[in-house]
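Chemist: Pasting in a structure now, in structure tokens, and then I'll have a few things to ask.
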Amino acid sequence: MTIHVKNNIHWVGQRDWEVQDFHGTEYKMTKGTSYNSYLIREEKTVLIDTVDHRFSQQFIQNLQMEIDLQSIDFIVINHAEEDHSGALSALMEKIPNTPIYCTEAAIDSIVGHHHHPEWNFKTVKTGDSIDIGNGKQLVFVEAPMLHWPDSMMTYLTGDAVLFSNDAFGQHYCDERLFNDEVDQAELMEQCLRYYSNILTPFSALVTAKIQEVLSFNLPVDMIATSHGIVWRENPTQIIEQYLAWANDYQEDRITIFYDSMSNNTRMMADAIAQGIHDVDPSVAVKVFNVSKQDKNEILANVFRSKGILVGSSTMNNVMMPKIAGMLEEITGLRFKAKKAAAFGSYGWNGGAVDRIHARLTDAGFETAISLKTKWRPDGKAMRECREHGQQIAKLWAVKDKSTLSTPVNAFQSATPIEGIEAQQPLTETTPTADAAHSADCQCMVCTVCNWVYDPAKGEPNQGIEVGTTWADVPDYFLCPECHLGKDVFVEYQG
């Protein structure tokens, strides 16, 4: 199967709907991915990149249905990682003398993976070009550490197509190839997830490389990535977004993540979140349990945030292993211009919180005062947690919010869907208690999640009938929202 991209350019890649892991198991793919390879047929026939090694035979069979493999004049490998050069060994068995154009660093990577130093390598550097006929040239631009030392981009004159490799891509699989054809919110989510988890450490290089490419004053009508969609409509929007993401990006957002042995640290996290909201309802607060939720989504939220709070129970005088792992990843991602604080519960010794604070400081975060709670937080401790959240909100408040990045939830499409009118965005609100409960009800409110128990409604999912007073609610009752017991409830002051 091939897809026409533009003029004499065709996509000859491979979709992978089922893949879930990338870089071992470090990156979770929620939307599959594609391995994009492109065939250019001018006076010379050029293949740009291959596909993952698992699809080598399918890739070659697909190519053979399109062209005689012997007609390929040369191959361009923009990046030697196996998801781009993986089918090279199988292909070179059929056309062993075909020149391979790549950076000098890529030769080491390709030989290291495929063990064929005898292949016909042709090294290129920024500004080098090859005439492929019909008045068109391929121009090469080295892009070291975006995201490997061997990375480069290739630009096709005449058609004004930039083959950008990993840059501007995303792990996103769809039968449709072009950006204007797919769900724009999904596309934005996957682009941000990809940048925040993979390219963040190289943000300074991203800015420098984009500025270098722009300095060439080359028109860009299309950006053909190595994963995900091809940017056809307004292709420079992703370039502009990358420049924003690379510039110490932060929204008016605070991310809290934690791990907990007995839900004690979770209770603290929820109360801290409520305290932040008390002081600044406009700030987006997200709470994650690292043992239960997607690590890469957490890291994407850290990337978006102006500050983070990291919580852990103390185990053997150190932090929980998953928190330690997250902090190691955060250190490697080298986030800039962000604030942080540690918190956690403990029984004998609160060593975890001290270690988290130290790790966050070492990772370059501006750290605030930590918070420890001994054993299970009681009412007094929960109030202290909430007050801590209030203090954090004040401490991390940004006076001029215009200096923060405006979150973009979707790329802009110039082609509206017929029959659907744009709606005003909904404002996230919590319904007022007065709207749901009468002022004289004998209600109880959960101090962790604010869920309200109303005797007039009962809780049928737990067998508690309408009219059951709080005193008669069984001790086994759990809050339907946060799954904590009766002891976290207080009288509702509606």
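Positions of Cβ are set from backbone N, Cα and C atoms, glycine also.
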Chemist: Among D68, D73, D83, D354, indicate the single residue that Swiss-Prot lists for the Fe cation 2 site containing D166, H227.
Modeler: D83
Chemist: Using DSSP, would you call G347 (FMN binding site) helix, strand or coil?
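Modeler: Its secondary structure by DSSP: coil.
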Chemist: What are the helix, strand and coil residue counts for the domain 'Rubredoxin-like' (441-492) according to DSSP?
Modeler: 9 helix, 10 strand, 33 coil
Chemist: Quick one: average pLDDT across the region 'Zinc metallo-hydrolase' (30-210), no decimals.
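Modeler: Here the mean pLDDT over the region 'Zinc metallo-hydrolase' (30-210) amounts to 93.
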Chemist: Out of E81, D83, H227, C446, C479, which of these binding-site residues is nearest D362 (FMN binding site) by C-alpha distance?
Modeler: E81
Chemist: What is the nearest of the binding-site residues D83, H227, C479 to G347 (FMN binding site), using the Cα of each?
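Modeler: Comparing Cα positions, the closest of these binding-site residues turns out to be C479.
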